[in-house]
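Undergrad: There's a structure below that I have some questions on.
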Amino acid sequence: MTDTADSSKPEPHAGEADPKVSTRNPETRPDEAATTDGSIPEPGLVAETPDEGEPEDPKRSTLREFALLAVIAVVLYYVMLTFVARPYLIPSESMEPTLHGCTGCVGDRIMVDKVSYRFSAPRPGDVIVFKGPPPWNLGYKSIRSNNTVLRWVQNALSFVGFVPPDENDLVKRVIAVGGQTVQCRADTGLTVDGKPLKEPYLDRNTMAADPSVYPCLGSEFGPVHVPAGRLWVMGDNRTHSADSRAHCTSVPAEALKGVLCTGDPTSGTVPVSNVIGKARFIVWPPSRWGGVGSVNPQQNR
């Protein structure tokens, strides 16, 4: 009896290739596939290859660029305010009519140049912003809120010139510099080194006083011999300005005669090192746009 099991197997047709037989273990997972050197990597160590051609999300790219530009702008602005120029608010009327300011009104915002005096000294006629010396700070009170958040907001607004700084920063005009002698007498008016000054920036209507009738626009004072490295400063609104005249010391005998500022010359003068910068422009309000004039009152005398 013949075995027909093998005879029933179909013969391959001519031209047909033998079927491929896979040698891969069907139980092997893809991440266990053998490497080119025949070794099998440990499970979980096969990294997926990222699609390098996939474009970056444009929204994310724009936000990143915007954040970078914002940081750069803040840094540059801080550097400018610290070393180049800074806006200041004029809070009082002591420099009228040159600079406008009063309690409860829209005072001038000025741009103060911090660079010029790195290369040259203040000169007579310059309008300067300076830190008040210690004797000038007696009685000064902070104008900041006790609320921490509100105080932080006030300081931020002060940095850009919308709120007065919480320090005794003052603005006045330089009248005399180190080595000069300043005084005022009823018969001569204000003089420096014995010569009368020409002050076109004074406005008798603002001061409610006529310099020709009331030449010192206050008490007689001096002579004051301004020490080297210091400045004698006064406000343009002479009858409403607490300037060098208000902070000087007097010899009692002279004070009884109505002549002030005859004592220590350093008490009424300002160290040049206290000068923050030179007032250059009025930047606000628009109706007041313009430069701040530096008229030397000692010229053409």
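Going from the start of the chain as shown, residues are counted 1 onward.
Glycine too: its Cβ is placed from the backbone N, Cα and C atoms.
TrEMBL entries are annotated by machine, without manual review.
Below are the features I grabbed from TrEMBL:
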type	residues	note
ACT_SITE	Ser94	active site
ACT_SITE	Lys172	active site
COMPBIAS	1-32	compositional bias 'Basic and acidic residues'
DOMAIN	64-284	domain 'Peptidase S26'
REGION	1-59	region 'Disordered'
TRANSMEM	66-89	transmembrane segment
Undergrad: State the count of C-beta atoms found within 10 angstroms of the C-beta of Ser94 (active site), not counting that atom itself.
TA: 23
Undergrad: Taking DSSP as the reference, which of helix, strand or coil describes Ser94 (active site)?
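TA: Coil, per DSSP.
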Undergrad: Across all chains shown, how many C-beta atoms besides its own are within 10 angstroms of the C-beta of Lys172 (active site)?
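TA: So the number of other Cβ atoms within 10 Å of Lys172 (active site) is 24.
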Undergrad: How many whole Å apart are the CA atoms of Ser94 (active site) and Lys172 (active site)?
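TA: Spelling it out, the Cα of Ser94 (active site) and the Cα of Lys172 (active site) are 8 Å apart.
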Undergrad: Considering every residue in the domain 'Peptidase S26' (64-284), what is the mean pLDDT value?
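TA: The average pLDDT of the model in the domain 'Peptidase S26' (64-284) works out to 89.
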Undergrad: By the DSSP assignment reduced to helix, strand and coil, which category contains Lys172 (active site)?
TA: strand
